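**Student:** Following this message is one structure expressed as structure tokens.
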Amino acid sequence: MANNPVLSLSPQARDWLKVIAFVAMVIDHSAIAFGWHETWMRMAGRVAMPIFALVWACNVTSHPVTPASLQKTWLWAALAQPLFFLALRTSGQDWYQLNILFLFAVWGQVLYATDRRTALTACFAFIAVAAYIPLSASSYGLRGMLLMAVSVGLFRVSPRHDALMLMAWLVTVFALNVPNGIPMALAGLCLTLIITALCSVLLHRHTRLYCTRWFAPAYALHLGLLFVLATVV
């Protein structure tokens, strides 16, 4: 695992990957909110979810999910939902289609149940998954669930299975963006690999960014700003 640039992510690399993915997501969402039909903006957005999933999976491997972190994720997912619909309503999505914070909340619930192994946590996880899947079209649907599953598996399988899991991860990254067209799916796969490898190779420090719990609030905030700006403009 230590020799694989996708799996060997220092804390510094993970933080900067998350920043890059967030910027890519904002670019993509801006294109939707303002009706800009720019190929490069849509292409940038194809790297966001694969990198978010990879970084999240790496983080929860070293820092297991806690009830407090789960509650915060569910809370921010709920707060962001109306903003998600309002900011991106021009895409034609329905109001009940859930944002990606729900995807992370559901998988957090699954991993918490896996770690605790009690009937109650398993029940909560099952309910979360069953309720989420029918409402997940705007957060990648089953393709997103599969990407998260394989991303978690990357960091939890034995080293002898690293190559197999990495190949599976590459397939899920490609499949994630296939509905946007094969060129977009290929671009998303290639850019994700390049960005991840560069950050892994160039960023080795164990020091973190000043704020490491910014993603969920920033996600809701950027949707709110896009809604306001798109309405005014």
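Using the three backbone atoms N, Cα and C, a Cβ is placed for every residue, glycine included.
The transmembrane segment annotation in TrEMBL covers 16-35, 47-65, 95-113, 119-142, 185-203, 215-232.
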**Student:** Do the transmembrane segment (16-35) and the transmembrane segment (95-113) come together with 3 or more C-beta pairs under 8 Å, pairs six or more apart in sequence?
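**Tutor:** Counting Cβ pairs under 8 Å (6 or more apart in sequence), the transmembrane segment (16-35) does not reach the transmembrane segment (95-113), since there are fewer than 3.
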**Student:** Sort out the residues at least 6 away from either end of the transmembrane segment (119-142), same chain, that have Cβ-Cβ distances under 8 Å to it, and list them.
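**Tutor:** Hits for the transmembrane segment (119-142): 49, 84, 88, 93, 96-100, 102-103, 105-106, 109-110, 112-113, 176.
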